[in-house]
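S.K.: Swiss-Prot lists these features:
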TRANSMEM  24-44  transmembrane segment
TRANSMEM  56-76  transmembrane segment
TRANSMEM  88-108  transmembrane segment
TRANSMEM  121-141  transmembrane segment
TRANSMEM  178-198  transmembrane segment
TRANSMEM  210-230  transmembrane segment
TRANSMEM  241-261  transmembrane segment
TRANSMEM  284-304  transmembrane segment
TRANSMEM  317-337  transmembrane segment
TRANSMEM  369-389  transmembrane segment
TRANSMEM  418-438  transmembrane segment
TRANSMEM  450-470  transmembrane segment
Amino acid sequence: MTSVRGASKTGRTSKTSTATTALVLACTAHFLVVFDTSVITVALPSVRADLGFAPASLQWVVNSYTLAFAGLLLFGGRLADIHGHRRVFLGGLAVFTLTSLIGGLATSPASLIAARAGQGAGAAVLAPLAVTMLTTSFAEGPRRTRALTISTAVALVGGASGNLLGGVFTEFLSWRSVLLVNVPIGIPVLFLAARVLAGPRKRPWGRVRLDLPGAVLATAGLTLLTLGVSQTHEHGWGEAAVAVPLAGGLLALLAFVVVEARFAASPLIPPRLFGLPGVGWGNLAMLLAGASQVPVWFFLTLSMQHVLGYSAAQAGLGFVPHALVMLVVGLRVVPWLMRHVQARVLIAAGAAIGALGFWWQSLLTPDSAYLGGILGPAVLISIGGGLVGTPLARTVTSGVGPLDAGAASGLMNTTRQFGGAFGLAVLLTVTGSGTSGSPAELASHYGDAFVGIAVFMLAIAVLTPVLPALARSTPPGVIHVSPVAR
């Protein structure tokens with residue numbers, strides 16, 4: 001479990017300090033990961049002009065991050081279980097910070113793409129570890145709920161501020177600043193983590209080895225699937241550029257299942273996880289949540305710039321209501337509701353409200369005013385997302401022991417990330433959305449995409465009856481800090 005030096009010397013005050021430090025580090029890591037998923041999007045035209053990208057290769061500035069991130073998430077989660085939170089956190093953050101610096105100083109398309117892949121690799125370690133540090137520092141109950149709520153809210157702010165600051169930095173500074181900004185954040189956090197996180201001690205469950213064959217197969221399978229899905233915008237589903245990586249990815253994942261079930265002494269995803277009621281159905285709901293949340297940034301950015309004619313900075317500002325509403329709902333409303341309402345009821349209600357918001361967003365036209373075209377839908381979308389996020393994360397991680405915390409977090413983040421890539425690819429393929437056409441034509445295409453996202457949200461609501469009925473967060477929570485350091 002996560003431990004801070006000196007935490008075992010005192011009682012509740014020290015435990016509170018330990019958990020608070022874990023929360024700060026986890027939220028910072030979560031913010032950086034989500035921020036860099038969205039920050040580069042608005043800057044792509046400037047990147048293309050400065051480095052001379054060919055139009056067809058520009059997508060790899062985004063895809064290289066996504067491929068490395070999705071492909072290595074399971075590996076990153078299990079790595080933390082085996083080698084300890086401190087060592088893996090420092091390594092992942094160091095890789096992320098260094099490759100951000102390299103990307104900001106890139107002089108060619110190849111160097112920028114390689115740096116973005118390095119960022120994705122670092123993010124694949126940080127993302128599951130951010131959740132693991134919370135679930136191993138806070139016992140199930142109100143305190144864990146609040147910690148997960150804060151982390152979810154910070155991630156949502158990271159996504160919204162990525163769009164906002166990406167536009168502002170690109171318009172008033174340079175596209176390079178959207179990557180270089182990670183450096184002055186990452187370096188002090190590295191020093192803080194190195195100082196306060198305790199090193200590993202002997203684990204009560206003995207020596208555990210990393211399942212390298214499983215890691216290779218899972219990484220290859222997820223990378224190939226993500227690659228195939230990401231190609232569907234440029235190629236048909238039956239073309240070799242899509243079909244070959246999809247087939248290869250499915251074969252690799254089939255081999256992964258066989259290896260894990262028959263040969264692995266320490267599986268990358270321990271089969272016992274799927275005996276927990278929230279893991280199977282919960283991760284399917286998380287897949288749909290990713291398919292709903294990730295595409296909204298893409299299509300709403302295009303809607304504001306190409307339908308309403310906003311500048312990059314104005315489009316970034318358009319996301320501020322999303323962040324503000326989600327913060328209020330996540331930090332104030334959800335913790336109170338979870339003390340009185342079942343988690344799956346909140347998930348169903350949030351999914352229905354979010355679906356209504358996305359349907360409203362689909363009605364956007366070139367003549368829409370900001371109030372009815374952006375702000376109104378944003379309120380419903382953000383309320384829905386806020387109600388779904390923390391209860392679903394709690395459902396997926398409920399009952400997971402400390403030995404499997406990293407694997408469970410890695411699985412949850414993998415399903416969410418792959419759901420985002422898959423949802424975006426499906427919506428792009430079905431709607432034929434692009435950037436060429438009149439504002440009215442583009443509004444129609446983007447509107448179809450928002451209807452598709454509403455369908456994903458409704459599917460989450462349909463799934464809620466099979467999710468476990470978790471106990472309400474009424475008992476007073478106790479922060480749980482193990483003497484076993486990571």
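Positions of Cβ are set from backbone N, Cα and C atoms, glycine also.
The structure displayed is predicted, hence computed values, not measured ones.
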S.K.: Between 241-261, 369-389, 450-470, who has the most Cβ pairs under 8 Å to the transmembrane segment (210-230)?
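M.R.: Checked against 241-261, 369-389, 450-470; highest Cβ contact count belongs to 241-261.
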S.K.: So if I exclude everything within five residues of the ends of the transmembrane segment (317-337), which remaining residues of that chain have a CB under 8 angstroms from its CBs? That is, six or more out.
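M.R.: Sequence-remote neighbours of the transmembrane segment (317-337) are 142, 145-146, 149-150, 152-153, 156-157, 160-161, 163-164, 167, 297, 300, 304, 310, 346, 370, 374-375, 378-379, 381-383, 385-387, 389-391, 473.
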S.K.: Restricting to the same chain and to residues at least six past its boundaries, which positions have a Cβ under 8 Å from a Cβ of the transmembrane segment (178-198)?
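M.R.: Result: 2-5, 7, 21, 24-25, 28-29, 32, 35-36, 39-40, 43, 85-86, 89-90, 93-94, 96-97, 100-101, 103-105, 115, 165-166, 169-170, 485-486.
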S.K.: Counting Cβ pairs under 8 Å to the transmembrane segment (284-304), which of 56-76, 88-108, 241-261, 450-470 comes out on top?
M.R.: 450-470
